[in-house]
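Read through the structure below, which is laid out as structure tokens, and then see the notes.
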Amino acid sequence: MAVSTQTPDTAARHGSRPVLVAVAWPYANGAPHLGHIAGAYLPADIFARYQRMAGNRVLMVSGSDAHGTPITVRADEEGVSPQEIVDRYHPEFLRIWSELGISFDLFTSTRTDNHSAVAQDVFTRLREAGYIYAKETSQFYDPDAGRFLPDRYVVGTCPHCSYQQARGDQCENCGRTLDPELLIDPRSKVTGAVPEMRQTTHFFLRLSGLADQLLDWLQTRQGWRRHVLNWSVQFVKDGLHDRAITRDLDWGVPLPTDELGPGKRLYVWFEAVIGYLSASKEWAAATGDPEAWRAWWEDPEAAAYYFVGKDNIPFHTVIWPAMLIGYGGLNLPTDVPANQYVTFGGAKASKSAGIGRGVREYLDLLQPDALRFALASVLPEQNDTEISDADIIRRVNDELIANWGNLVNRVLAQINKFFDGELPETGELDGVHAALLDSVDAGLVRVGELLGKVEQRAALRAAMEISAEVNAYLYREEPWKTVKVDRAAAARSLAVSIQAISGITTALAPFLPFSSARVAEVLGIDLDGWERRPVPAGRRLAWSGGLFTKLDVGALDKASLDADA
């Protein structure tokens, strides 16, 4: 098996390395909510933006999972085709990524011919290696509907945690993967009938034959989040069972063989994770260099990070790595920094259950950077995190605006007021002035170290602490007062503050891309490196104010009432 030489602690320290940022594929059955954004998409974007600034070659890919049974369930409920559901929500994903600044190199779909071809190739190669075999098995059948039931079409009570709405493929409550026949009191999601078992033949992935190699690999992982690694190791130690990778369906990727007869498709849990590879190949072909994907998948110096929610941990730390080991020659994950759940009123955000607002509601009311900041402040990196509208408003008004927004506005406004918008000379720097810039530079290094280890909440706190330190310096220097008696001293403190703001703008750019770009434009600096760029004396700093808009405490509540009216 191909194992990257990189670890989460070292992968970001070397410029010009290929870094794959692989992001969970959302089901194209509804618009994303804040749980999705905080769970995978915002963390992935923050990481990708930092890696690009650090000089690494980033490939960030994902796409709409078009074959998941939630799509067919919704299509059945609405009386339309699954393709109509996909065509409705895939464009909405693209709009939200654009508005929120989620910087994919490619966001595609599992409905492409390319994806089908790559998935079929993985199937064929695993079968040739002896890791896929055919076997007769029992599968739930709905006698009222006259059809076999995919796993998600069967619901019942989880045998592990007694959650009564567990799906046949996985319990959303405890995260354990399931087989439908393990459910207590199963029932069909189509008709509500009690399903019966009938014989059918399917292809199985021989996970049992990959368990030893997988465990050896997992036990050498360094720098992984404890809950991810411990859960994954225990999952393998508990015993890996071979799993069916085909289903009796007419929607999905066709098998590359018809020996089992008609009506068989690759099961979504098997083919969807292959999307990271197929998307990389699609991106490469679009660039005019079809072999370019190999730099991210075959180079042992490359790093691969998979951003998912905790319900996707087994598929990305166990099943996908097992498939990669069996396939051979491709890099395994460097890290899977899976986040825990975002909760609303104590309940996990859920698209299917209608818990948690849609992202669109927030983007209609908040600046994208304001929403990004509020979510980045509470990313559920180690534990489930409760979020509320009141908390979002407080973080934007009392932290983002009161600290960073006011610092930028105050310094630029005073330079425009007292120095006609022209940055004055700093003069010789010593004492507190030099110490401040040294502290900013050290803080920028610290933020980068934390971002490289995917400790994003701590990185954001560290960046905001630098801003608070510059605010404290400014209050001590009081240039708005000293300008009346010592113009040179006021000029120096404002000029030093601008140089500090340059460094903070870099530190915050992965979190706040839109407002950081605006500040960088005013300062005349580039954000293409992880360093504080000097702003030359004499630079015209045109500033109209208003980096962020303060939120009305009742705005989100009013929007909710309007939506319900």
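For all residues, glycine too, the Cβ spot is worked out from N, Cα and C.
Nobody curates TrEMBL annotations by hand; they come from automatic prediction.
Since this is a predicted model, take the numbers as computed values, not measurements.
Copied over from TrEMBL, here are the features:
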- Cys158, Cys161, Cys171, Cys174: Zn(2+) binding site (BINDING)
- Lys351: ATP binding site (BINDING)
- 19-412: domain 'Methionyl/Leucyl tRNA synthetase' (DOMAIN)
- 423-533: domain 'Methionyl-tRNA synthetase anticodon-binding' (DOMAIN)
- 26-36: motif ''HIGH' region' (MOTIF)
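Feature annotations (TrEMBL) mapped to structure.
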residue: Cys158; record: Zn(2+) binding site; Cβ within 10 Å: 21
residue: Cys161; record: Zn(2+) binding site; Cβ within 10 Å: 12
residue: Cys171; record: Zn(2+) binding site; Cβ within 10 Å: 24
residue: Cys174; record: Zn(2+) binding site; Cβ within 10 Å: 14
(message) Around the Zn(2+) site formed by Cys158, Cys161, Cys171, Cys174, list the extra residues of the same chain whose Cβ is within 8 Å of the site's Cβ centroid.
(response) Pro159, His160, Ser162, Tyr163, Ala166, Glu172, Asn173, Gly175, Arg176
(message) Could you tell me the mean pLDDT the prediction assigns to the domain 'Methionyl-tRNA synthetase anticodon-binding' (423-533)?
(response) 97
